[in-house]
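What follows is a single structure, written as structure tokens, with notes after it.
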């Protein structure tokens with residue numbers, strides 16, 4: 001019987017299935033960070049349980065680490081306690097960890113693939129909703145809660161119910177100026193933030209196949225914003241080429257065996273999906289969110305929508321509340337929206353490809369950050385991304401134009417560290433969530449691609465980067 005990619009991943013990891021369909025899944029890799037792991041380790045200690053498979057875990061601090069000078073440590077006592085606790089727990093249990101001043105430190109969903117700890121055919125979990133990122137490698141990856149983190153540490157298994165299968169098929173050539181971020185925002189705009197609820201999404205089609213691994217990770221990263229717990233892309237030569245030579249990847253004869261196995265992780269011809277969504281890549285234009293949910297998105301050449309034109313009273317009410325929070329008037333051209341801060345970073349868009357795309361725009365415009373922009377910051381996703389960008393001279397491109405070049409971490413994606421918006425500040429952000437208060441109490445977030453964020457920094461408002469050539 002023909003199987004989908006998700007079917008293959010699921011079936012190859014089922015240990016036991018109950019009569020109600022609940023399955024015990026074996027977990028190949030658990031990624032840990034400082035926010036959702038302390039209680040899990042405490043539970044192990046209280047029960048006097050060991051970590052079942054130490055080598056299956058990889059840890060890093062990312063949410064609370066400062067992105068400015070780290071020579072004096074972490075100023076905030078709560079953040080410091082969380083980071084110190086992860087350090088102590090990993091030392092106690094012998095878990096591999098990249099500590100704050102290790103060059104390999106970075107955002108957990110960037111360092112996993114970067115190190116080759118994310119591999120095709122794996123089940124991967126982390127106490128973080130954007131674990132779906134790793135599905136770009138033909139893996140089944142999703143976020144879990146703190147009690148589940150403890151369960152995986154203790155048993156290397158997880159109780160789950162199988163999702164339905166959805167295929168999101170994007171065909172055609174992506175227009176100039178459009179990126180993977182625009183693809184996934186367009187998908188969410190079409191199906192809504194509940195469109196993928198109850199499904200595991202496979203992203204396919206010629207447009208997805210043409211993306212780099214960085215681009216595929218961006219798309220899978222935001223599967224959760226489409227309502228799905230997991231997103232994934234079939235394994236191909238692009239996947240294999242990215243992984244070759246990375247630290248955690250098999251070598252020699254084992255590499256050849258692994259590649260042969262990995263390439264089986266694709267949907268079979270004739271495999272049945274419960275839902276299929278199709279997009280024409282040629283119709284995608286640079287996207288900008290205007291509201292307080294990722295589904296509240298439109299094109300750069302569009303206008304802020306008018307709630308009066310929405311017939312559904314529930315949707316109309318949500319639009320009105322979003323516009324009030326965002327301090328936007330209906331029918332305002334998107335290009336007329338001015339910004340106060342720029343954030344280029346996050347597990348969605350802080351890889352070397354993203355940094356290069358933003359730097360290209362800055363060089364092309366050949367001007368400094370606009371006077372009305374109070375802060376424009378670039379936060380690489382890992383120490384290795386930062387080092388690569390500096391070897392290419394990209395840090396100088398940014399700093400000479402008035403951007404701040406920071407240390408790696410989650411940074412302004414969420415108001416959990418020193419990088420945050422003040423009440424009323426408007427930010428062009430390459431992150432994944434634009435909820436009320438996400439980047440700071442009263443902060444207003446517009447989700448865009450790295451190129452769009454860089455252009456907004458220079459112009460002081462959103463602009464259509466397709467005009468840059």
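Note: Cβ is positioned from N, Cα and C throughout, glycine not excepted.
Features reported for this protein in Swiss-Prot:
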- 347, 410, 413: [4Fe-4S] cluster binding site (BINDING)
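Listed in chain order, the extra residues whose Cβ falls within 8 Å of the Cβ center of the [4Fe-4S] cluster site residues 347, 410, 413 are 62, 63, 107, 109, 130, 345, 346, 348, 350, 409, 411, 414, 431, 432. Long-range Cβ proximity for residue 347 ([4Fe-4S] cluster binding site), meaning a same-chain Cβ under 8 A and a gap of 6 or more residues, is found for 107, 108, 109, 110, 130, 133, 221, 381, 410, 413, 432. Residue 410 ([4Fe-4S] cluster binding site): 30 other CB atoms within 10 A of its CB, across all protein chains.
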